[in-house]
Amino acid sequence: MPAPRAPGEPRASGERRALLARRARGPRPWRRAAGAAVLLVEMLERAAFFGVSANLVLYLNGASLNWAGEQASRAALVFLGASYLLAPVGGWLADAYLGRYRAVVLSLLLYLVASGLLPATAFPDGRRSFCGDMPETPLGPACPAPDCERSSPSPYCAPTLYAGLLVLALAASSVRSNLPSFGADQVMDLGRNATRRFFNWFYWSINLGAVLSLLVVAFIQQNINFLLGYSIPVGCMGLAFFIFLFATPIFITKPPMGSQVSSMLKLALQNCCPRLWQRHSSRDPQGAHLLPDQGSPQPRPSPQEDIANFQVLVKILPVMVTLVPYWMVYFQMQSTYVLQGLHLHIPNIFPANPANSSVALRAQGSSYTIPEAWLLLANVVVVLILVPLKDRLIDPLLLRCKLLPSALQKMALGMFFGFTSVIVAGVLEMERLYYIHHNETVTQQIGEVLYNAAPLSIWWQIPQYLLIGISEIFASIPGLEFAYSEAPRSMQGALMGIFFFLSGVGSLLGSSLVALLSLPGGWMHCPKDFGNINNCRMDLYFFLLAGVQAATALLFVWIAGRYEKVTHGPASHSHSSRDRG
């Protein structure tokens with residue numbers, strides 16, 4: 001990683017320093033203010049995102065839209081998957097044409113407009129304006145046979161809602177890929193330690209936004225109405241957009257450097273498929289780029305710089321790819337961990353409103369409800385507590401003792417905690433199944449469905465949520481820092497997008513593994529207990545994930561060791577090509 005540029009050192013052509021900072025004696029106050037503005041924008045954006053996604057299935061499945069359960073779940077998965085998988089697009093546009101500042105501004109504006117669709121369809125007149133009248137469902141003959149299947153009608157307002165959700169996912173993915181690196185640019189003058197601390201607090205802001213959204217917005221959506229509940233994310237995005245524009249005078253903005261994605265693709269084709277490249281070059285003797293950057297205001301890098309950056313990329317990508325199994329484990333907290341929790345005894349905590357029992361989690365015969373989305377809070381609270389502790393106490397102590405681990409070492413430690421989390425979940429599932437198989441159950445109502453749950457308290461899940469939260473601090477935060485600090489300057493946005501893209505791939509692979517194991521004969525195949533897991537072997541699924549994580553963690557340690565040896569060895573000259581402006 002190159003040393004941060006000194007205040008008096010020449011800057012890249014077209015870079016604009018903070019206007020207000022020119023009047024100050026030093027850069028520190030305005031740099032910190034700029035970083036704080038980015039953190040506040042991120043907190044509001046995450047509050048809006050979780051406000052949209054946390055109860056999306058309930059909204060689509062409710063009486064207003066009346067989507068079938070699998071249709072609503074599919075739409076939510078498409079939205080979440082697209083919000084990760086589209087991240088490289090926004091990063092590439094920022095690197096090649098827009099620059100990070102304009103990319104973030106346009107993304108926030110698109111985010112604000114697209115988020116208005118959900119409250120607009122949450123009241124009758126708005127739904128009729130955007131979707132027309134809901135078609136009447138014709139009455140059909142009864143379907144008494146156990147193997148009888150009836151096709152679900154086409155979901156009402158599906159084209160409009162899918163289009164709006166995909167636009168919203170594109171905006172969210174663009175913010176996700178550009179805002180972290182834009183914020184790091186603001187504090188880069190303060191040294192590498194400031195960059196590390198910025199990513200700590202950036203991730204803390206993400207989780208603070210999630211807590212506010214899950215505590216307030218999810219409760220309003222489930223217990224008051226979705227019109228008010230979905231209006232709050234719109235307000236959050238409006239405030240985030242205003243704060244970002246208001247803070248413009250204190251921001252450092254950099255012009256697009258011209259993305260080298262096309263050059264990297266060309267070099268990859270030359271190295272991997274030389275015969276195919278020879279045929280391509282014979283048809284294109286000028287050696288034109290696959291995706292030319294004609295709009296870039298910056299001069300193109302020399303062929304030597306292209307080759308040096310390609311060599312850096314070849315070393316970075318294997319490190320990032322070996323994180324995919326960790327993401328498979330991480331996203332269990334939003335799927336199988338929640339499913340496991342619904343089959344454990346849920347204690348009575350919150351006063352009930354009987355009118356809302358159809359959208360709340362309620363122990364049968366009790367007068368207490370827990371909003372379903374609140375089950376995700378355990379992980380978030382762990383991050384909120386441990387990030388300040390790590391930033392203010394643990395890291396400074398290790399730094400003074402010269403024992404602060406590198407980003408790659410922290411990521412390996414995060415994989416270990418992820419491994420232990422899924423092992424603990426598997427042991428708990430074995431114990432839960434022991435009670436189920438001995439007919440020691442309690443009946444629990446979730447919405448309108450009754451489940452036979454084990455008499456074990458849901459609080460037994462705290463260790464696995466605690467461990468996955470610790471793993472997030474050691475794997476995800478250093479992963480962001482690694483993607484930003486080690487990437488070539490002209491590919492920082494694209495690589496940040498690839499980092500989030502690979503996390504989405506991990507989520508999809510985890511879902512695909514569940515689908516594969518749900519086939520007849522698989523551990524998750526439960527035809528006699530639809531909607532429940534009491535006849536499944538989810539414990540074996542957890543142990544399989546643990547095995548995959550352990551194997552790839554060993555591979556990661558080997559790859560990371562080679563990376564650090566080559567990067568920091570005396571023969572390495574790649575750093576000189578990664579001018580970060």
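Yeah, the Cβs are placed from backbone N, Cα and C, and that goes for glycine too.
Annotated region 'Disordered' per TrEMBL: 280-302, in sequence order.
The feature transmembrane segment is assigned by TrEMBL to 33-60 (among others). For the transmembrane segment (33-60), the residues of the chain that approach it from at least six positions outside its boundaries are 18, 67, 69, 71-73, 75-76, 79-80, 83, 108, 111, 115, 118, 122, 155, 161, 168, 172, 175, 179-180, 182-183, 186-187, 198, 201-202, 205-210, 212-214, 217-218, 221-222, 226, 229-230, 232-234, 236-237, 239-240, 243-244, 247, 250-252, 359, 372-373, 376, judged by C-beta separation under 8 angstroms.
TrEMBL lists 72-94 (among others) with the feature transmembrane segment.
Per TrEMBL, transmembrane segment is recorded for 101-120 (among others).
Per TrEMBL, transmembrane segment is recorded for 200-221 (among others).
The transmembrane segment annotation in TrEMBL covers 227-252 (among others).
As annotated by TrEMBL, transmembrane segment applies to 312-330 (among others).
Feature annotation from TrEMBL assigns transmembrane segment to 373-390 (among others).
Positions annotated as transmembrane segment by TrEMBL: 411-428 (among others). Packing against the transmembrane segment (411-428) from elsewhere in the chain are residues 323, 326, 329-330, 332, 336-337, 340, 405, 456, 460-461, 463-465, 467-468, 470-476, 478-479, 482, 539-540, 542-543, 545-546, 549-550, 552-553, 556-557, 560: each is 6 or more residues past its ends and has a CB under 8 Å from a CB in it.
Feature annotation from TrEMBL assigns transmembrane segment to 465-484 (among others).
According to TrEMBL, the feature transmembrane segment maps to 496-520 (among others). Non-local neighbours of the transmembrane segment (496-520) in the same chain are 77, 80-81, 83-85, 87-92, 173, 176-178, 180-181, 317, 320-321, 323-332, 335-336, 479-480, 483-484, 487, 526-527, 541, 544-545; each lies 6+ residues outside the stretch with a CB under 8 Å from one of its CB atoms.
Per TrEMBL, transmembrane segment is recorded for 540-560 (among others). Distant neighbours of the transmembrane segment (540-560): 318-319, 322-326, 328-329, 332, 336, 408-409, 411-412, 415-416, 418-419, 422-423, 425-426, 429, 510, 513-514, 517, 523-524; these residues of the same chain sit at least 6 beyond its ends, with a Cβ under 8 Å from one of its Cβ atoms.
At the 8 Å Cβ cutoff, the transmembrane segment (227-252) and the transmembrane segment (101-120) share at least 3 close pairs (sequence separation 6 or more) and count as touching. Ranked by the number of CB pairs under 8 Å to the transmembrane segment (200-221), the listed stretches 72-94, 312-330, 465-484 are led by 465-484. Residues 49, 52-53, 56-61, 100, 102-103, 107, 155, 158, 161-162, 165-166, 168-170, 172-178, 256, 259, 261, 492-501, 503-505, 507-508, 511 of the same chain lie 6 or more positions beyond the ends of the transmembrane segment (72-94) yet place their CB under 8 Å from a CB of it.
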